[in-house]
Amino acid sequence: MSSAMSAARSDDVSAVVILLDVNPYFWGTKTSTGFTFEQFFQHVLVFINCILLLSHLNQVTVIAMGASACTFLYDSAAIDGTASGRSKRDKQPESRSTTITQKLQEFVKKDEAAETNLAPVENQFSNLSGSLSMALCYIQRILRKPTAPPQPRILCVQGFPDAPQQYIAVMNSIFSAQRCSVPIDACIVGSQHSAFLQQASHITGGIYMKPPQPEGLFQYLMMVFATDLYSRQFLQLPRSAGVDFRASCFCHKRTIDMGFVCSVCLSIFCKHHKACSTCGANFNVKKGGQKRKQPSS
Amino acid sequence: MLSVEDDGDVEAEEAGRDMEAYERAYADDRSWEDLQEDESGRLRVVDVAQQQRQHRKRVAAMAGAHIQRGIIRYLYLLVDLSRAAGEMDFRPSRMGVVANCVEAFVREFFDQNPLSHLGIITLHNGVAQCLTDLSGSPETHIRALRANLECAGDASIQNAIDLARGLLCQIPTYAHRETLLIFSALSTCDPGDILEAVRRCKDANIRCSVVGLAAEIYICKLLCEQTGGNYSVATSETHLKDLIMEHAPPPPVLAESAVASLVRMGFPQRGAEDAVALCVCHGEVKMGGGYICPCCKARVCELPTECHICGLMLVSSPHLARSYHHLFPVPHFEELEGTAMANGRESEFKLCYGCQQKLPFPGGEVSGVRLVCPRCRQHFCYDCDLYIHESLHNCPGCESISSTSSLPDLQN
């Protein structure tokens, strides 16, 4: 990798961090529609190979988000770095797909062992917030490099619906991504739209898409999400069909479109309370109950 | 909730910083010997770990105090456009410099105070004129000020604060009322008793702050002292910008003046990009975008605003969420010293949990500090620690705490 090349302008070199939903609670129930986890995983593996083939400077990192944990499955930069050392011992370096598959199997086993300790209700979601935070930490490391770093972006392939209890953490991640101008793309393979990821792609300038036919996932990934950020301006990409800006309330973690907001700490509640459970502010019932004063006209 | 005691260390440090560079003693600590050139030609400190420790200490000292802040603010910006604003000691003129600063301030203000409202009042010819009403859209204010940038006559502080007080009296009690005067003149030309006007401002709970361009003026100082504001005088253009920007973050609130209340708010959905509809705020047919009031289904162009039909306060939930990290801060990470980490679990904690970078361990090639989150017991590198606490406000380990925290314990 010549330094002249990387310094020239790295705007069409991408570092893609892919967040893969491997939640067994999702893939276990999903079989009725015909799109199985094996198919999904095959599509994604081919997609990863494709991105790496588009430019030899491209980097791909894969993070698996399971039912509660998340882990790094694959990092093309790290593998390339150690490959020389390993090939001395091994006769043949392992193929990329085998590495990812092995890591995934390890992770699923670990995740399974961890889940047995928990109530099932609690893990009915995928760990989006954790994997987003991890991805952003990793991207910070890429951006710290002294030579012109590749353009980072996050692609989130999610199947399971949103978990309202992750609301704050996901929002924090989104704002942090916005601040370092990292777009968050979202590809929804589940049946429900994801309000979190709609907001994420709206705020960070990424692409949100829910493929109507998940069986053709590879085509969607290639046509929409494989292109680098510079080339995107020349493409006709799917436009957003509205963004769900609803919030989830702090008291019951329900998604609401109208609610009460504490004026001191901005906590959201779905019902009128006497005191704020977050900051302890006491709401004067006489004043608070009458809503707001009408401006005297 | 207001605590101001634990500032001792910071003050002591600041005193050192105030010293001119030539006054400080360098010869004794031979600080140049700590520097080394790295492979890309940048200067690096030899003892990385020590330097990182010091920086963490500074950051921790700054983040110490827990202060309640007024998040919902209604602020009138009083801009002096009197004869004195035309003086050219700042380039191109005081007025031009102020306009640039105000533009930056207005954007920053709405970024940091997403639910707040701002209006602009101008002072010229001895009168105060309301240029823009309180609203939440930065572009309107900037455009209006740019279009009315002419200076004439004298400035009247009394007229300005009386006008602002009249307008601010109508807003709900849970909000924080403020004025910020950017004053170029050295005198005020008032029709009545200005002391009386200051007293009325104080009674109405309005916090008045002044940024001066010329010199310190007694009446401005009195106004700020009486109402709990800040008074500062700029010495240069960059200083002026810094002083104005200091007013962008929400100010601390005195416990007795804050009236908490629950405000009913709606979280509208954004319409599809190709839908065509009439908006209620301008009465025009608009293509794409727009937000739909969840109560009456009216369509508005911008957030935050009040629905013109049903009067519901409309905000977008990301606006609210911007300030939540103040409420649920990430715990301060602890440092792991050499011996504590080497109890047979090195292979497990070889890499930083956040960025997969190699972590330092005794005798390893990486230098620096190793940090551990007190809640999830995951190990992090110095860079991730900074990023997590300054920008991300999430601990990646705690987000998946349910399983990862139980795993290492099982193995023990």
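One is the number of the first residue shown, and numbering goes on along the chain from there.
From the backbone N, Cα and C atoms, a Cβ is placed for every residue, glycine too.
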Of the residue ranges B:1-21, B:127-147, B:358-378, which one carries the region 'Disordered' annotation in TrEMBL? B:1-21
The domain 'C2H2-type' (B:373-393): DSSP-derived helix, strand, coil residue counts: 11 helix, 2 strand, 8 coil
Taking every residue in the domain 'C2H2-type' (B:373-393), the average pLDDT works out to 86
